[in-house]
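Visitor: This is the feature table in TrEMBL:
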- 1-19: compositional bias 'Polar residues' (COMPBIAS)
- 1-21: region 'Disordered' (REGION)
- 31-50: transmembrane segment (TRANSMEM)
- 62-82: transmembrane segment (TRANSMEM)
- 102-122: transmembrane segment (TRANSMEM)
- 134-151: transmembrane segment (TRANSMEM)
- 158-177: transmembrane segment (TRANSMEM)
- 189-211: transmembrane segment (TRANSMEM)
- 223-248: transmembrane segment (TRANSMEM)
- 268-294: transmembrane segment (TRANSMEM)
- 301-319: transmembrane segment (TRANSMEM)
- 325-343: transmembrane segment (TRANSMEM)
- 442-465: transmembrane segment (TRANSMEM)
Amino acid sequence: MSSSMNLETVEEGTQTPKAQMSKRKSINWPLLLLSCSFVAIGIIGGPLVSRLYYLHGGKRRWLTSCMQTAGFPILFLPLVSLFLQSRSQGVRSSMFFMEPKLFVLSACIGILLGLDNFMYSLGLSYTPVSTSSILFSTQLAFLAVFAFFIVKQKFTAYSINSVILMTLGSVILGLRTNGDRPAGVSNGQYLLGFFLTLASAALLGLIWPLIELSYSKAKRPVNYGIVLQFQTNLAISATLFSLTGMVVNKDFQAMGKEANEFGLGNGMYYLVLGAGAVVWQLSFVGGLGVIFCANSLLNGILSAVLLPITNIAAVLAYHENFNGEKAMSLVLCLWGFTSYFYGEYKMSKKNKTLENSTKTTHLEAGKVSSGCMFNSMEDMSILHQLRVTGRPARAPRIIEVRYPPLPSWVKLNTDGVAHGSPGHSSCGAIFRNSRGFAKGCFIAYLGIQNSMFAELMGVILAIAYRRA
């Protein structure tokens, strides 16, 4: 056993130094910019490449749905890197890999994602890219509704406004079916593509809260490695679902003939399919990178900013008709995006203000403070010098934190308590190894002391006990 120790103290209303450091961690700007570039390439290029396949004679919807997740082997590169890094740090394999429960949940959600990809591909084959991208952006409205029922995320005036605006945008697009209908597509096929794209947006709005709910079911803390494993297994399940559809639809047998008849040539046929798989996966990897470097809010804002660029790219590349109804729908969707994310920002700011307001200090010499104090050693010392008994602020929420120490390290948890200040006091500690087994413990009566003395003596006696 090494002489090194992993000292951890988690108290109500306090933060560990580790937590404080995580709040102030510097942003990896090169990685963030690279991730944003990947998201831009995927969101703009994915629909364009898929539409290119349909415009030049491609008719296999299961094939294009498979393209959206078939690039999952790219995810093995960061996974292997994280695994080797964890091994070098002495982390056991069982602690690196996700729990069986998460494996099953990710596989089930992956099947839903495969179905979502097929509906999107079928819808895109009957609608222009500009129309499809606007319709698909309504996933945010569906997400707000499903999040309310699944993860109990409350509705706000901003989220309700977002749902109404995006619904109006979809209705405006549906009022005119002849203005932007692609050549060779009947009115019935256009309407089918319209509603399938909306259904795809609704299903994706359901998938995101289900993923969040799955993470909450984990017994261990969910880190970036587990998130990456979850998403990889999800993509594999979606790809297997699409491959099954291809087998049933006999797409593999028809690919050779379709490649020979492809408008851009045989070689370009396979190049378009490969490019589609890579571009869609870049969007996926980039989204994970943006969330890891910054947060999911930035990823959503980035998607909103890229929406009009996707429409402009479709108009320039395929000369699609961009009429007044489509422009009005785009404005309403962007307004809905802005409303939703501004509401999230306001809610986050309000929660932070409420948290800080619980830490106000009201000093009244010779009496017990009627307000709440900051839970810090400095403020505690000042209060004692003024002979004021402080009332610690309650933690806004209680989070279970479990950090297993590395092999050969020892985890120490200490505590001290005083019945009154001063009053009868005692302290204690427990030592655990990397497997969570107790290696020793002690308790000690300290006489008439205050709670701060008891807490400090708990740490001092534990260090002395360990050295002895």
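From the backbone N, Cα and C atoms, a Cβ is placed for every residue, glycine too.
Walk me through where these features lie, including what they touch and how far apart they are.
Guide: Note on the transmembrane segment (31-50): residues 64, 67-68, 121, 124, 129, 132-133, 272, 275-276, 279-290, 292-294, 299, 302-303, 306, 309-310, 313-314, 317-318 of its chain, located 6 or more positions outside it, place their CB under 8 angstroms from a CB of the stretch.
With a cut-off of 8 Å between Cβ atoms, the residues of this chain six or more beyond the transmembrane segment (62-82) that come close are 46, 50, 53-54, 96, 113-114, 117-118, 120-122, 124-125, 224-225, 228-229, 231-232, 235-236, 238-239, 242-243, 245-246, 249, 251, 255, 273, 276-278, 280-282, 284-285.
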Visitor: What stretch, picked from 102-122, 223-248, 268-294, has the most CB pairs under 8 A with the transmembrane segment (189-211)?
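Guide: By the under-8 Å Cβ criterion, the transmembrane segment (189-211) pairs most with 102-122.
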